Structures are given as structure tokens and as C-alpha cells.
Amino acid sequence: MAIEAWFMEENDEDQRLPHHRNPKEFVSPDHLADIGVLYWHLNPKNYENDEELQKIRQERGYNYMDLLDLSPEKVENYEQKLRNFYTEHIHEDEEIRYCLEGSGYFDVRDKDDHWIRIWIKPGDLIILPAGIYHRFTLDTTDYIKLMRLFLGEPVWTAYNRPQDNHPSRREYIKNFAEKVGVGTPLTAH
């Protein structure tokens, strides 16, 4: 089962809608890997005992984990939080999210600064590289339960665009944006 991703139509409609272009332009997992986004599909019903998840965590050094339920009923100042998540930003570290229930969208910028919308659903684990411009929103279900993974202590700092001189952004450009076309083997599945 592959993750669903596509180039977005940018407009002022509800951010929770799919925003497909016409005609639809889907993006492959290999294209996502070329811009540094990795993907696995796991069993969300067995996340506490999932050997593949443990292997990923061990190999990549993710030693911190927490769970986030995001919905209007479960989050104080829900609308404001969602606006904050949807503001384009980068992080100094990878952003690792594993969808256990519900669904939502991660939007990432490609090398040409176009938005790619990634629809995550139960079982989807994605890793966004440090320095990639991105944002998050729920879809029309208005609910997602995510596992958040980190290397060491969690860092929640978002650096809103523009951040082209931020060290993590410069490193991202060097490692991915300048090398698109060279290809990075997709080690996730």
C-alpha cells in the first residue's frame, strides 16, 4: 500500500479539502524520496509491539515518543493550533509522524517550490527531513491520532518562512534540492 501524494492546486478554498489540480497530478514515493521524504506503511493496531517500528526507531535513533490526539473536542484553542500548523515552516530536526487513527495532510515544497500534498492515514509513517518547507492540516474528518518520534529530547521550534539562511535549510538544499535527479535510493517502503 503506497502513500497518496499529489501536486496541489493553490486556492483559497478550505485547507482541509484535497486541492487536486485538474487534471490530477500524483507524486510517487520515489519522487518524495528524492526530496528527502521517507515513508513506511505499518500496522497501526499493533504499534506497541510492532517489530518493524522498533527496528526503524532503533536504526534511526528515535528514543522519544508521544501520542497526539488532534480534534476540536480534544485540543484547547483548536482553530488557532491548526492555523499554526498550517503556517509554512522548517525545523532543525526531522519531523517523524506515524498516523494511528484518522487522517490529515502534510504539504511539502518540491525543488521548484511547488506544494506536494501528502495524505496520511492509519499505518502511514513519514519522515520529513530537517530544513524542508512544510505545513500540516487535518482533512475534513477533523481527527487524527499521531505518534511523534524524536532523536533525544523533543524540540517543537518551528521557523516560519523565509528561512533560507537557517543552517538546517542550507543543509537541506545541499543534500536534496541541488541533487534532485541524481536520486536517493528509497530504503523505506
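Placed from the backbone N, Cα and C atoms, the Cβ positions cover glycine too.
Note: TrEMBL annotation is automatic and uncurated.
As recorded in TrEMBL:
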BINDING   His89, His91, Glu95, His134  Ni(2+) binding site
BINDING   His89, His91, Glu95, His134  Fe(2+) binding site
Number of Cβ atoms other than its own within 10 Å, given for His91 (Ni(2+) binding site): 20
His89, His134 as binding-site residues, winner by CB count within 10 A: His134
Protein Cβ atoms within 10 Å of Glu95 (Ni(2+) binding site), excluding its own: 22
